[in-house]
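Below is one structure, written out as structure tokens, with a few remarks after it.
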Amino acid sequence: MLFAMQLASASVLPMVLKSAIELDLLEIIASQDTCMSPTEIASHLPTTNPHAPTMIDRILRLLSSYSIVTCSVRSVDDQRVYSPAPVCKYLTKNQDGVSIAALCVAAQDKVLMECWYHMKDAVLDGGIPFNKAYGMPIFDYFAKDLGSNKVFNKGMSDFSSMIIKKILETYKGFQGLTSLVDVGGGTGATLTKILSKYPTIRGINFDLPHVIQDAPEYPGIEHVGGDMFVSVPKGDAIFMKWICHDWNEEQCLKLLKNCYDALPNNGKVIVAEYILPVVPDSSLASKLSVTADVMIVTQNSGGKERTEKEFEALAKAAGFQGFQVFCNAFTIYIIEFSKNISN
């Protein structure tokens, strides 16, 4: 019964966490060497609301029950005080100035949340929840709503930076490349990380024109706007992170064949994606991948996370001879599709 009751209010935690992030509560707490009371935290906010400390206390009390912050009672004044829990390492800015916080805000943004109200109708009547909500595909919408586009890109960019940093600790497949194309590379955050470790690589950041218009200039990186279903820039290797999962088999095959044509004989596509378990379990890794899969249902026609066998079938159908799964970073796997088996 208690679990069912918790499920009934499951939306509360992510929305409260979003508010805490937007108020900078976690950053404020993490910036201090000692525990902080709600009143002390409120003093760092641009507010004259006399009820702010009480509201902050209630927000943080909830977050403490999920081990996002720690809570204790200070003996000198009998007030609850708060400090960062271990997970705050990933919810507050790291030495690179990024965290998962932007992704939390993006995932709970009004634009994406509206999709869920159309999922039932999509199951019964067909169609895509996002399209039902806004009358157009998600990426067409973001081309028009630049504010939401920036929120989405910030979430993806920060998360990408953290994922690729972890990948670079173990994956060695970028060694020896002279050029690398990041297809769907957003504003270039991922490619920047790769080139910071392999500065001799010439980077091409390839995405839709409205995406790269906000991309900052980076040394060694050329931003190219275009449509990956028409053609892909040429390079020694092509990197794609969370791209295949947006599209159905037919669309993925078209994209992968364009990649195949853009590669030299010894070229390869390097894919970073979740790999779905054939049968899910209750582990965090399994939950993350199946959650991502259902999120995609609300946004894209035919998009989905895939099992290892499904990825291999796609690679072979597109003409790639080699297929190998390498390391994973926070459940994001690196998979290579080699144009020739000798690669």
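Cβ from N, Cα, C; glycine included.
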Inset, instruction - Report the candidate from ASP145, ASP158, ASP207 that shares the S-adenosyl-L-homocysteine site with GLY184, ASP227, MET228, MET240, LYS241, as recorded in Swiss-Prot. - result: ASP207
Legend entry - Listed binding-site residues (MET228, MET240), ranked by Cβ neighbours within 10 Å, top entry: MET240
Inset, instruction - Look up HIS245 (active site, proton acceptor) in the DSSP assignment and reduce it to helix, strand or coil. - result: helix
Legend entry - Nearest-integer angstrom distance between the alpha carbons (Cα) of ASP207 (S-adenosyl-L-homocysteine binding site) and GLU305 (active site): 21
Inset, instruction - According to DSSP, folded down to helix, strand and coil, what is SER286 (site 'Required for cosubstrate binding')? - result: helix
